[in-house]
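I have placed the structure first, in the form of C-alpha coordinates, so that the comments after it can refer back to it.
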Amino acid sequence: MAATGAAATDLEVVRGKRAALFFATVVIVLGLPLWWKTTETYRAPLPYSQISGLNSLKLRLMVPVTVVFTQESVPLDDQEKLPFTVVHEREIPLKYKLKIKCRFQKAYRRALDHEEAALSLGNIQEAEAMLAEPSEQAEGSLTVYVISERCSLLPQDMMSYIGPKRMAVVRGITHREAFNIIGRRIIQVVQAMSLTEDVLAAALADHLPEDKWSSDKRRPLKSSLGYEITFSLLNPDPKSHDVHWDIEGAVRRYVQPFLSALSAAGNFSVDSQILYYAVLGVNPRFDSASSSYYLAAHSLPHVINPVESRLGSSAASLYPVLNFLLYVPELAHSPLYIQDKDGAPVATNAFHSPRWGGIMVYNVDPKAYNGSQLPVRVEVDMMRVMEVFLAQLRLLFGIAQPQLPPKCLFFGPKSEGIMTWELDRLLWARSVENLATATTTLTSLAQLLGKISNIVIKDDVASEVYRAVAAVQKAAEELSSGHLASAFAASQEAVTSSERAFFDPSLLHLLYFPDDQKFAIYIPLFLPMAVPILLSLFKIFLETRKSWKKPEKTD
(Lines of atoms letter the chains of each structure in order from A and count residues from 1; the text may use other names and numbers.)
(Lines give C-alpha, C1' and ligand atoms only; values in the text may rest on other atoms or scores of the structure.)
Protein backbone atom coordinates (compact mmCIF):
# COMPACT_ATOMS: atom_id res chain seq x y z
CA MET A 1 0.00 0.00 0.00
CA ALA A 2 2.82 2.39 0.85
CA ALA A 3 4.45 1.69 -2.51
CA THR A 4 1.18 2.34 -4.30
CA GLY A 5 0.73 5.69 -2.50
CA ALA A 6 4.29 6.73 -3.32
CA ALA A 7 3.81 5.84 -6.97
CA ALA A 8 0.60 7.89 -7.11
CA THR A 9 2.37 10.82 -5.52
CA ASP A 10 5.23 10.62 -8.01
CA LEU A 11 2.72 10.45 -10.87
CA GLU A 12 0.95 13.54 -9.57
CA VAL A 13 4.25 15.40 -9.31
CA VAL A 14 5.16 14.48 -12.88
CA ARG A 15 1.71 15.51 -14.08
CA GLY A 16 2.06 18.88 -12.32
CA LYS A 17 5.46 19.45 -13.89
CA ARG A 18 4.11 18.65 -17.34
CA ALA A 19 1.14 20.96 -16.80
CA ALA A 20 3.41 23.79 -15.69
CA LEU A 21 5.69 23.27 -18.68
CA PHE A 22 2.70 23.12 -21.02
CA PHE A 23 1.22 26.37 -19.70
CA ALA A 24 4.60 28.06 -19.83
CA THR A 25 5.11 26.89 -23.42
CA VAL A 26 1.67 28.12 -24.47
CA VAL A 27 2.26 31.51 -22.84
CA ILE A 28 5.70 31.96 -24.39
CA VAL A 29 4.99 30.52 -27.85
CA LEU A 30 1.43 31.76 -28.38
CA GLY A 31 0.47 34.21 -25.64
CA LEU A 32 3.36 36.66 -25.78
CA PRO A 33 3.42 37.00 -29.63
CA LEU A 34 -0.36 37.31 -29.73
CA TRP A 35 -0.33 39.96 -27.00
CA TRP A 36 2.50 41.83 -28.69
CA LYS A 37 0.73 41.80 -32.05
CA THR A 38 -2.67 42.84 -30.75
CA THR A 39 -1.34 45.66 -28.56
CA GLU A 40 1.25 47.18 -30.90
CA THR A 41 0.74 50.68 -32.31
CA TYR A 42 -0.08 50.38 -35.99
CA ARG A 43 1.93 52.63 -38.23
CA ALA A 44 1.65 52.56 -41.97
CA PRO A 45 5.00 53.14 -43.69
CA LEU A 46 5.79 56.78 -44.42
CA PRO A 47 8.34 58.35 -46.81
CA TYR A 48 10.65 59.65 -44.07
CA SER A 49 13.62 60.03 -46.41
CA GLN A 50 11.61 62.12 -48.86
CA ILE A 51 10.21 64.26 -46.04
CA SER A 52 13.74 64.84 -44.77
CA GLY A 53 14.79 65.84 -48.27
CA LEU A 54 12.15 68.56 -48.34
CA ASN A 55 14.20 70.56 -45.82
CA SER A 56 16.90 71.01 -48.44
CA LEU A 57 14.46 71.71 -51.26
CA LYS A 58 15.72 74.24 -53.79
CA LEU A 59 13.09 76.27 -55.59
CA ARG A 60 13.85 77.75 -58.98
CA LEU A 61 11.09 80.15 -60.01
CA MET A 62 11.19 80.52 -63.76
CA VAL A 63 9.52 83.58 -65.34
CA PRO A 64 9.12 83.27 -69.13
CA VAL A 65 9.70 86.66 -70.78
CA THR A 66 9.17 87.30 -74.48
CA VAL A 67 11.16 90.32 -75.68
CA VAL A 68 9.95 91.76 -78.98
CA PHE A 69 12.23 94.19 -80.86
CA THR A 70 10.80 96.66 -83.33
CA GLN A 71 12.71 98.10 -86.24
CA GLU A 72 15.42 100.60 -85.29
CA SER A 73 15.12 99.66 -81.61
CA VAL A 74 18.65 98.24 -81.73
CA PRO A 75 21.43 98.55 -84.31
CA LEU A 76 21.03 96.56 -87.52
CA ASP A 77 23.92 94.25 -86.67
CA ASP A 78 22.19 93.27 -83.44
CA GLN A 79 18.86 92.70 -85.18
CA GLU A 80 20.48 90.11 -87.41
CA LYS A 81 21.30 88.06 -84.30
CA LEU A 82 17.60 87.58 -83.51
CA PRO A 83 16.06 85.29 -82.35
CA PHE A 84 17.95 83.95 -79.35
CA THR A 85 17.41 83.31 -75.65
CA VAL A 86 19.08 84.90 -72.63
CA VAL A 87 18.78 83.58 -69.07
CA HIS A 88 19.19 85.78 -66.01
CA GLU A 89 19.23 84.01 -62.64
CA ARG A 90 19.72 85.33 -59.13
CA GLU A 91 19.22 83.96 -55.63
CA ILE A 92 16.72 85.58 -53.28
CA PRO A 93 18.65 86.30 -50.04
CA LEU A 94 16.24 84.92 -47.43
CA LYS A 95 17.37 83.26 -44.21
CA TYR A 96 15.17 80.23 -44.71
CA LYS A 97 15.74 76.54 -45.26
CA LEU A 98 14.20 76.74 -48.73
CA LYS A 99 16.75 78.09 -51.18
CA ILE A 100 14.93 80.22 -53.73
CA LYS A 101 16.33 81.31 -57.07
CA CYS A 102 14.54 83.51 -59.57
CA ARG A 103 15.19 82.67 -63.21
CA PHE A 104 14.16 85.09 -65.98
CA GLN A 105 14.23 83.31 -69.33
CA LYS A 106 14.17 86.02 -72.01
CA ALA A 107 13.30 84.90 -75.54
CA TYR A 108 14.34 87.65 -77.98
CA ARG A 109 12.59 87.94 -81.36
CA ARG A 110 11.59 90.48 -84.00
CA ALA A 111 8.20 92.19 -84.01
CA LEU A 112 5.48 90.90 -86.31
CA ASP A 113 3.70 93.19 -88.77
CA HIS A 114 0.66 93.87 -86.57
CA GLU A 115 2.96 94.53 -83.61
CA GLU A 116 4.98 97.02 -85.65
CA ALA A 117 1.75 98.78 -86.65
CA ALA A 118 0.50 99.00 -83.08
CA LEU A 119 3.80 100.24 -81.67
CA SER A 120 4.09 102.92 -84.33
CA LEU A 121 1.04 104.71 -82.91
CA GLY A 122 1.43 107.84 -80.85
CA ASN A 123 -0.71 106.72 -77.89
CA ILE A 124 0.23 103.95 -75.51
CA GLN A 125 -3.40 103.09 -74.65
CA GLU A 126 -4.30 102.65 -78.32
CA ALA A 127 -1.23 100.53 -78.89
CA GLU A 128 -2.06 98.42 -75.87
CA ALA A 129 -5.60 97.88 -77.16
CA MET A 130 -4.25 96.66 -80.50
CA LEU A 131 -1.72 94.45 -78.75
CA ALA A 132 -4.46 92.61 -76.93
CA GLU A 133 -3.08 89.93 -74.68
CA PRO A 134 -3.16 86.65 -76.59
CA SER A 135 -5.44 84.06 -75.04
CA GLU A 136 -2.70 81.45 -75.09
CA GLN A 137 -0.32 83.53 -72.96
CA ALA A 138 0.31 81.53 -69.82
CA GLU A 139 -0.03 82.79 -66.28
CA GLY A 140 3.23 84.20 -64.98
CA SER A 141 4.66 84.99 -68.42
CA LEU A 142 5.42 88.51 -69.61
CA THR A 143 5.86 90.26 -72.94
CA VAL A 144 8.19 93.25 -73.25
CA TYR A 145 8.21 95.37 -76.39
CA VAL A 146 11.36 97.32 -77.22
CA ILE A 147 10.69 100.47 -79.22
CA SER A 148 13.14 102.78 -80.96
CA GLU A 149 14.95 105.47 -79.05
CA ARG A 150 13.05 108.25 -80.87
CA CYS A 151 9.61 106.61 -80.80
CA SER A 152 6.80 108.92 -79.65
CA LEU A 153 4.78 106.09 -78.11
CA LEU A 154 6.19 107.09 -74.72
CA PRO A 155 6.94 110.59 -73.47
CA GLN A 156 10.53 111.48 -74.20
CA ASP A 157 11.40 111.64 -70.51
CA MET A 158 10.12 108.08 -69.94
CA MET A 159 12.26 105.00 -70.51
CA SER A 160 9.63 102.31 -69.88
CA TYR A 161 5.93 101.61 -69.40
CA ILE A 162 4.13 98.99 -67.32
CA GLY A 163 0.56 98.20 -68.35
CA PRO A 164 -2.33 96.50 -66.58
CA LYS A 165 -1.90 93.29 -68.58
CA ARG A 166 1.18 91.09 -68.90
CA MET A 167 2.80 93.66 -71.14
CA ALA A 168 5.50 96.32 -70.83
CA VAL A 169 7.33 98.68 -73.16
CA VAL A 170 11.02 99.58 -72.93
CA ARG A 171 12.81 102.24 -74.95
CA GLY A 172 15.70 100.90 -77.02
CA ILE A 173 19.08 102.42 -77.71
CA THR A 174 21.47 102.54 -80.66
CA HIS A 175 24.67 101.48 -79.00
CA ARG A 176 27.19 98.73 -79.56
CA GLU A 177 26.24 97.32 -76.15
CA ALA A 178 22.52 97.70 -76.90
CA PHE A 179 21.53 94.19 -75.85
CA ASN A 180 23.30 94.51 -72.50
CA ILE A 181 21.84 97.95 -71.73
CA ILE A 182 18.33 96.98 -72.81
CA GLY A 183 18.65 93.70 -70.95
CA ARG A 184 19.27 95.53 -67.68
CA ARG A 185 16.24 97.75 -68.30
CA ILE A 186 14.11 94.70 -69.03
CA ILE A 187 15.21 93.01 -65.81
CA GLN A 188 14.19 96.08 -63.80
CA VAL A 189 10.75 96.07 -65.41
CA VAL A 190 10.05 92.34 -65.11
CA GLN A 191 11.20 92.29 -61.49
CA ALA A 192 8.69 95.02 -60.71
CA MET A 193 5.99 92.97 -62.44
CA SER A 194 6.85 89.56 -61.03
CA LEU A 195 9.05 88.59 -58.12
CA THR A 196 10.97 90.71 -55.66
CA GLU A 197 12.60 90.00 -52.34
CA ASP A 198 9.88 91.91 -50.50
CA VAL A 199 7.10 89.89 -52.14
CA LEU A 200 8.64 86.57 -51.14
CA ALA A 201 9.55 87.88 -47.68
CA ALA A 202 5.93 88.81 -47.08
CA ALA A 203 4.81 85.37 -48.25
CA LEU A 204 7.27 83.65 -45.88
CA ALA A 205 6.77 86.06 -42.98
CA ASP A 206 5.46 83.31 -40.68
CA HIS A 207 8.50 81.14 -41.42
CA LEU A 208 11.23 83.77 -41.05
CA PRO A 209 12.76 85.13 -37.81
CA GLU A 210 10.61 87.84 -36.25
CA ASP A 211 13.46 90.33 -36.16
CA LYS A 212 14.19 89.82 -39.85
CA TRP A 213 11.17 91.67 -41.22
CA SER A 214 8.97 94.48 -39.98
CA SER A 215 5.33 94.08 -39.06
CA ASP A 216 4.34 95.40 -42.49
CA LYS A 217 5.65 92.17 -44.00
CA ARG A 218 3.19 90.27 -41.83
CA ARG A 219 0.20 92.22 -43.08
CA PRO A 220 -0.92 89.88 -45.92
CA LEU A 221 -3.41 87.15 -45.22
CA LYS A 222 -2.20 83.59 -45.07
CA SER A 223 -2.95 81.47 -48.08
CA SER A 224 -6.32 79.72 -47.88
CA LEU A 225 -8.79 77.95 -50.15
CA GLY A 226 -11.42 80.59 -49.42
CA TYR A 227 -12.14 83.87 -47.66
CA GLU A 228 -15.22 85.43 -46.09
CA ILE A 229 -15.71 89.20 -46.36
CA THR A 230 -18.15 91.04 -44.10
CA PHE A 231 -19.16 94.68 -44.51
CA SER A 232 -20.69 96.18 -41.35
CA LEU A 233 -22.37 99.53 -40.82
CA LEU A 234 -22.04 100.72 -37.22
CA ASN A 235 -24.63 103.28 -36.14
CA PRO A 236 -24.13 104.00 -32.42
CA ASP A 237 -26.67 106.84 -32.40
CA PRO A 238 -29.78 105.82 -34.39
CA LYS A 239 -31.80 108.50 -32.59
CA SER A 240 -29.73 111.16 -34.35
CA HIS A 241 -28.75 109.44 -37.62
CA ASP A 242 -30.93 107.52 -40.05
CA VAL A 243 -28.14 105.99 -42.12
CA HIS A 244 -28.78 104.43 -45.53
CA TRP A 245 -26.14 102.61 -47.58
CA ASP A 246 -26.52 100.77 -50.87
CA ILE A 247 -24.19 97.96 -49.97
CA GLU A 248 -25.60 95.51 -52.52
CA GLY A 249 -25.06 97.91 -55.40
CA ALA A 250 -21.61 98.88 -54.12
CA VAL A 251 -20.52 95.26 -53.86
CA ARG A 252 -21.82 94.58 -57.35
CA ARG A 253 -20.11 97.62 -58.90
CA TYR A 254 -16.82 97.80 -57.01
CA VAL A 255 -16.08 94.64 -55.03
CA GLN A 256 -17.34 91.87 -57.30
CA PRO A 257 -15.09 92.76 -60.28
CA PHE A 258 -12.09 92.70 -57.96
CA LEU A 259 -13.06 89.36 -56.43
CA SER A 260 -13.81 87.89 -59.86
CA ALA A 261 -10.33 88.82 -61.03
CA LEU A 262 -8.93 87.35 -57.80
CA SER A 263 -10.93 84.10 -58.05
CA ALA A 264 -7.85 82.12 -59.06
CA ALA A 265 -6.42 82.70 -55.57
CA GLY A 266 -9.46 81.32 -53.71
CA ASN A 267 -13.22 81.32 -53.24
CA PHE A 268 -14.94 84.37 -51.79
CA SER A 269 -18.22 84.96 -50.00
CA VAL A 270 -19.54 88.43 -49.15
CA ASP A 271 -22.18 89.45 -46.62
CA SER A 272 -23.22 92.62 -44.82
CA GLN A 273 -24.94 93.73 -41.64
CA ILE A 274 -26.07 96.85 -39.76
CA LEU A 275 -25.31 97.15 -36.05
CA TYR A 276 -27.09 99.74 -33.92
CA TYR A 277 -25.75 101.15 -30.65
CA ALA A 278 -22.32 99.68 -31.46
CA VAL A 279 -19.61 101.97 -30.09
CA LEU A 280 -15.87 101.80 -30.64
CA GLY A 281 -15.01 101.32 -26.98
CA VAL A 282 -12.46 104.15 -26.96
CA ASN A 283 -13.41 107.65 -25.86
CA PRO A 284 -12.33 110.20 -28.49
CA ARG A 285 -10.44 113.28 -27.39
CA PHE A 286 -11.69 116.78 -28.08
CA ASP A 287 -9.57 119.26 -30.02
CA SER A 288 -10.67 122.78 -29.11
CA ALA A 289 -8.69 124.33 -31.96
CA SER A 290 -10.71 122.55 -34.64
CA SER A 291 -13.86 121.90 -32.54
CA SER A 292 -13.64 118.23 -33.45
CA TYR A 293 -12.86 114.90 -31.87
CA TYR A 294 -10.01 112.61 -32.79
CA LEU A 295 -8.66 109.12 -32.21
CA ALA A 296 -4.91 109.02 -31.64
CA ALA A 297 -2.80 106.39 -33.39
CA HIS A 298 -1.85 104.66 -30.13
CA SER A 299 -5.54 104.10 -29.25
CA LEU A 300 -6.51 102.45 -32.55
CA PRO A 301 -5.52 98.89 -31.50
CA HIS A 302 -7.97 99.16 -28.59
CA VAL A 303 -10.86 99.91 -30.94
CA ILE A 304 -11.11 96.45 -32.49
CA ASN A 305 -11.74 94.15 -29.51
CA PRO A 306 -14.93 95.84 -28.20
CA VAL A 307 -16.35 96.04 -31.71
CA GLU A 308 -15.41 92.48 -32.63
CA SER A 309 -17.70 91.07 -29.94
CA ARG A 310 -20.66 92.56 -31.81
CA LEU A 311 -19.66 91.33 -35.25
CA GLY A 312 -20.51 87.69 -34.66
CA SER A 313 -18.11 84.85 -34.00
CA SER A 314 -15.90 83.64 -36.81
CA ALA A 315 -14.92 80.48 -34.91
CA ALA A 316 -17.34 78.36 -36.95
CA SER A 317 -15.90 79.58 -40.24
CA LEU A 318 -13.59 77.31 -42.16
CA TYR A 319 -11.92 80.25 -43.87
CA PRO A 320 -10.35 83.53 -42.73
CA VAL A 321 -12.86 86.33 -42.15
CA LEU A 322 -12.18 89.91 -43.24
CA ASN A 323 -14.17 92.65 -41.51
CA PHE A 324 -14.72 96.07 -43.04
CA LEU A 325 -16.51 98.50 -40.74
CA LEU A 326 -18.11 101.80 -41.66
CA TYR A 327 -18.55 103.78 -38.45
CA VAL A 328 -20.88 106.80 -38.29
CA PRO A 329 -19.95 108.58 -35.02
CA GLU A 330 -22.66 109.66 -32.61
CA LEU A 331 -23.77 113.26 -32.61
CA ALA A 332 -21.98 113.98 -29.32
CA HIS A 333 -18.61 112.99 -30.87
CA SER A 334 -19.00 114.51 -34.33
CA PRO A 335 -16.96 115.19 -36.34
CA LEU A 336 -14.48 112.42 -35.54
CA TYR A 337 -11.07 112.10 -37.20
CA ILE A 338 -8.25 109.57 -37.07
CA GLN A 339 -4.72 110.81 -36.51
CA ASP A 340 -1.48 109.20 -37.59
CA LYS A 341 1.64 108.79 -35.46
CA ASP A 342 2.64 112.39 -36.13
CA GLY A 343 -0.72 113.73 -35.01
CA ALA A 344 -1.87 114.68 -38.51
CA PRO A 345 -5.34 113.70 -39.72
CA VAL A 346 -5.44 110.62 -41.95
CA ALA A 347 -6.65 111.59 -45.42
CA THR A 348 -8.98 108.60 -45.76
CA ASN A 349 -10.11 108.79 -42.11
CA ALA A 350 -9.59 105.03 -41.95
CA PHE A 351 -7.13 102.44 -40.69
CA HIS A 352 -6.67 98.73 -41.13
CA SER A 353 -5.46 95.88 -38.96
CA PRO A 354 -3.26 93.14 -40.48
CA ARG A 355 -5.16 89.92 -41.24
CA TRP A 356 -8.33 91.31 -39.66
CA GLY A 357 -9.78 94.07 -41.84
CA GLY A 358 -10.31 97.81 -41.71
CA ILE A 359 -12.41 100.56 -40.14
CA MET A 360 -13.49 103.81 -41.77
CA VAL A 361 -15.06 106.73 -39.89
CA TYR A 362 -17.79 108.43 -41.93
CA ASN A 363 -18.68 111.89 -40.64
CA VAL A 364 -22.09 113.38 -41.34
CA ASP A 365 -22.08 116.69 -43.19
CA PRO A 366 -22.67 119.44 -40.55
CA LYS A 367 -25.10 121.14 -42.94
CA ALA A 368 -27.44 118.18 -42.57
CA TYR A 369 -28.32 119.31 -39.05
CA ASN A 370 -29.44 122.81 -40.11
CA GLY A 371 -33.19 123.06 -39.61
CA SER A 372 -33.62 119.28 -39.64
CA GLN A 373 -35.32 117.21 -37.03
CA LEU A 374 -33.54 114.25 -35.55
CA PRO A 375 -32.85 111.71 -36.78
CA VAL A 376 -31.33 113.22 -39.92
CA ARG A 377 -31.22 111.10 -43.06
CA VAL A 378 -27.67 110.17 -44.06
CA GLU A 379 -26.95 108.84 -47.56
CA VAL A 380 -23.53 107.19 -47.59
CA ASP A 381 -21.26 107.96 -50.56
CA MET A 382 -20.48 104.34 -51.39
CA MET A 383 -17.95 105.22 -54.08
CA ARG A 384 -15.74 107.03 -51.57
CA VAL A 385 -16.19 104.25 -49.02
CA MET A 386 -15.44 101.42 -51.43
CA GLU A 387 -12.30 103.13 -52.70
CA VAL A 388 -10.94 102.96 -49.15
CA PHE A 389 -12.09 99.39 -48.53
CA LEU A 390 -10.67 98.17 -51.85
CA ALA A 391 -7.32 99.78 -51.07
CA GLN A 392 -7.33 98.03 -47.69
CA LEU A 393 -8.36 94.76 -49.33
CA ARG A 394 -5.39 94.99 -51.70
CA LEU A 395 -3.03 95.53 -48.77
CA LEU A 396 -4.51 92.61 -46.84
CA PHE A 397 -3.81 90.33 -49.79
CA GLY A 398 -0.29 91.66 -50.15
CA ILE A 399 -0.99 93.51 -53.39
CA ALA A 400 1.12 96.60 -52.84
CA GLN A 401 2.32 99.25 -55.23
CA PRO A 402 5.23 97.94 -57.32
CA GLN A 403 8.73 99.29 -56.92
CA LEU A 404 8.97 101.02 -60.28
CA PRO A 405 12.28 101.55 -62.04
CA PRO A 406 13.36 105.14 -62.75
CA LYS A 407 11.46 107.02 -65.46
CA CYS A 408 8.71 104.41 -65.71
CA LEU A 409 5.19 105.33 -66.87
CA PHE A 410 2.52 103.63 -64.77
CA PHE A 411 -1.24 104.26 -64.66
CA GLY A 412 -2.38 101.76 -62.02
CA PRO A 413 -5.20 99.21 -62.13
CA LYS A 414 -8.41 99.67 -64.06
CA SER A 415 -11.98 99.03 -62.92
CA GLU A 416 -11.15 95.52 -61.68
CA GLY A 417 -8.89 96.98 -59.01
CA ILE A 418 -6.07 94.57 -59.83
CA MET A 419 -3.72 94.14 -62.76
CA THR A 420 -3.17 90.80 -64.43
CA TRP A 421 0.51 90.65 -63.54
CA GLU A 422 -0.35 91.59 -59.92
CA LEU A 423 -2.50 88.46 -59.78
CA ASP A 424 0.40 86.44 -61.20
CA ARG A 425 2.71 87.89 -58.58
CA LEU A 426 0.20 86.96 -55.88
CA LEU A 427 0.06 83.38 -57.19
CA TRP A 428 3.87 83.21 -57.19
CA ALA A 429 3.92 84.30 -53.55
CA ARG A 430 1.07 81.99 -52.56
CA SER A 431 2.76 79.02 -54.24
CA VAL A 432 5.98 79.58 -52.31
CA GLU A 433 4.04 80.11 -49.08
CA ASN A 434 2.05 76.90 -49.62
CA LEU A 435 5.22 74.90 -50.24
CA ALA A 436 6.82 76.31 -47.10
CA THR A 437 3.72 75.51 -45.04
CA ALA A 438 3.39 71.98 -46.41
CA THR A 439 7.09 71.28 -45.87
CA THR A 440 6.94 72.54 -42.28
CA THR A 441 3.81 70.50 -41.56
CA LEU A 442 5.26 67.27 -42.94
CA THR A 443 8.56 67.78 -41.12
CA SER A 444 6.75 68.46 -37.85
CA LEU A 445 4.68 65.31 -38.28
CA ALA A 446 7.80 63.20 -38.87
CA GLN A 447 9.51 64.69 -35.81
CA LEU A 448 6.40 64.12 -33.70
CA LEU A 449 6.24 60.47 -34.70
CA GLY A 450 9.90 60.06 -33.76
CA LYS A 451 9.35 61.46 -30.27
CA ILE A 452 6.01 59.85 -29.39
CA SER A 453 5.92 56.12 -30.10
CA ASN A 454 2.22 55.44 -29.47
CA ILE A 455 0.78 57.64 -32.23
CA VAL A 456 -1.23 55.59 -34.70
CA ILE A 457 -0.74 56.12 -38.43
CA LYS A 458 -3.56 54.61 -40.44
CA ASP A 459 -3.40 53.84 -44.14
CA ASP A 460 -5.56 56.81 -45.11
CA VAL A 461 -3.29 59.17 -43.15
CA ALA A 462 -0.23 57.67 -44.82
CA SER A 463 -1.83 58.13 -48.24
CA GLU A 464 -2.37 61.82 -47.44
CA VAL A 465 1.30 62.14 -46.50
CA TYR A 466 2.40 60.47 -49.75
CA ARG A 467 0.01 62.71 -51.68
CA ALA A 468 1.39 65.83 -49.96
CA VAL A 469 5.02 64.88 -50.67
CA ALA A 470 4.21 64.19 -54.32
CA ALA A 471 2.34 67.50 -54.60
CA VAL A 472 5.30 69.42 -53.14
CA GLN A 473 7.65 67.83 -55.63
CA LYS A 474 5.25 68.47 -58.51
CA ALA A 475 4.78 72.12 -57.51
CA ALA A 476 8.55 72.62 -57.37
CA GLU A 477 8.92 71.10 -60.84
CA GLU A 478 6.12 73.24 -62.28
CA LEU A 479 7.64 76.38 -60.77
CA SER A 480 11.00 75.60 -62.33
CA SER A 481 9.24 75.11 -65.69
CA GLY A 482 7.36 78.41 -65.48
CA HIS A 483 3.90 76.78 -65.28
CA LEU A 484 2.38 79.04 -62.64
CA ALA A 485 -1.24 77.84 -62.75
CA SER A 486 -0.42 74.14 -62.31
CA ALA A 487 2.24 74.96 -59.70
CA PHE A 488 -0.26 76.91 -57.62
CA ALA A 489 -2.83 74.11 -57.86
CA ALA A 490 -0.24 71.53 -56.77
CA SER A 491 0.89 73.73 -53.87
CA GLN A 492 -2.71 74.01 -52.66
CA GLU A 493 -3.05 70.23 -52.80
CA ALA A 494 0.19 69.89 -50.82
CA VAL A 495 -1.06 72.15 -48.03
CA THR A 496 -4.49 70.50 -47.91
CA SER A 497 -3.12 66.95 -47.78
CA SER A 498 -0.37 67.73 -45.26
CA GLU A 499 -2.74 69.49 -42.86
CA ARG A 500 -5.37 66.78 -43.29
CA ALA A 501 -2.76 64.21 -42.26
CA PHE A 502 -1.37 66.27 -39.37
CA PHE A 503 -4.76 67.05 -37.84
CA ASP A 504 -6.37 63.66 -38.40
CA PRO A 505 -8.23 62.66 -35.19
CA SER A 506 -6.96 59.08 -35.37
CA LEU A 507 -3.47 60.26 -34.37
CA LEU A 508 -4.79 60.98 -30.88
CA HIS A 509 -6.40 57.60 -30.17
CA LEU A 510 -3.48 56.20 -28.14
CA LEU A 511 -1.68 59.45 -27.45
CA TYR A 512 -3.02 59.67 -23.88
CA PHE A 513 -2.39 56.02 -22.95
CA PRO A 514 0.99 56.09 -21.13
CA ASP A 515 2.97 53.11 -19.85
CA ASP A 516 1.86 53.42 -16.22
CA GLN A 517 -1.75 52.97 -17.30
CA LYS A 518 -0.77 49.90 -19.30
CA PHE A 519 0.81 48.31 -16.22
CA ALA A 520 -2.24 49.19 -14.14
CA ILE A 521 -4.39 47.21 -16.58
CA TYR A 522 -2.10 44.26 -17.32
CA ILE A 523 -0.85 43.44 -13.79
CA PRO A 524 -4.26 42.46 -12.30
CA LEU A 525 -4.92 40.40 -15.41
CA PHE A 526 -1.67 38.47 -15.76
CA LEU A 527 -0.19 38.39 -12.24
CA PRO A 528 -2.58 35.74 -10.75
CA MET A 529 -1.82 33.44 -13.65
CA ALA A 530 1.88 34.19 -13.92
CA VAL A 531 2.85 33.63 -10.25
CA PRO A 532 1.89 29.91 -10.06
CA ILE A 533 3.50 29.22 -13.41
CA LEU A 534 6.73 30.98 -12.47
CA LEU A 535 6.88 29.23 -9.08
CA SER A 536 6.32 25.85 -10.73
CA LEU A 537 9.03 26.53 -13.29
CA PHE A 538 11.39 27.64 -10.55
CA LYS A 539 10.68 24.46 -8.56
CA ILE A 540 11.22 22.30 -11.63
CA PHE A 541 14.50 24.08 -12.28
CA LEU A 542 15.71 23.46 -8.73
CA GLU A 543 14.76 19.77 -8.82
CA THR A 544 16.38 19.28 -12.20
CA ARG A 545 19.54 21.00 -11.02
CA LYS A 546 19.57 18.84 -7.87
CA SER A 547 19.17 15.66 -9.88
CA TRP A 548 22.09 16.63 -12.08
CA LYS A 549 24.34 17.10 -9.05
CA LYS A 550 23.25 13.79 -7.33
CA PRO A 551 26.10 11.21 -7.66
CA GLU A 552 25.35 7.96 -9.40
CA LYS A 553 25.34 4.71 -7.32
CA THR A 554 28.16 2.20 -7.98
CA ASP A 555 28.22 -1.49 -7.13
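Glycine residues also receive a Cβ, built from the backbone N, Cα and C atoms like all the rest.
What Swiss-Prot records for this protein:
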TOPO_DOM  2-18  topological domain 'Cytoplasmic'
BINDING   R15, R18  cardiolipin binding site
TOPO_DOM  40-517  topological domain 'Lumenal'
CARBOHYD  N267  N-linked glycosylation site
CARBOHYD  N370  N-linked glycosylation site
TOPO_DOM  533-555  topological domain 'Cytoplasmic'
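Swiss-Prot feature annotations superimposed on the structure.
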residue	record	Cβ contacts under 8 Å, 6 or more apart
R15	cardiolipin binding site	none
R18	cardiolipin binding site	none
N267	N-linked glycosylation site	L225, G226, Y227, Y319
N370	N-linked glycosylation site	none
DSSP three-state assignment (helix, strand or coil) for N267 (N-linked glycosylation site): strand
R18 (cardiolipin binding site): secondary structure state under DSSP, collapsed to three categories: helix
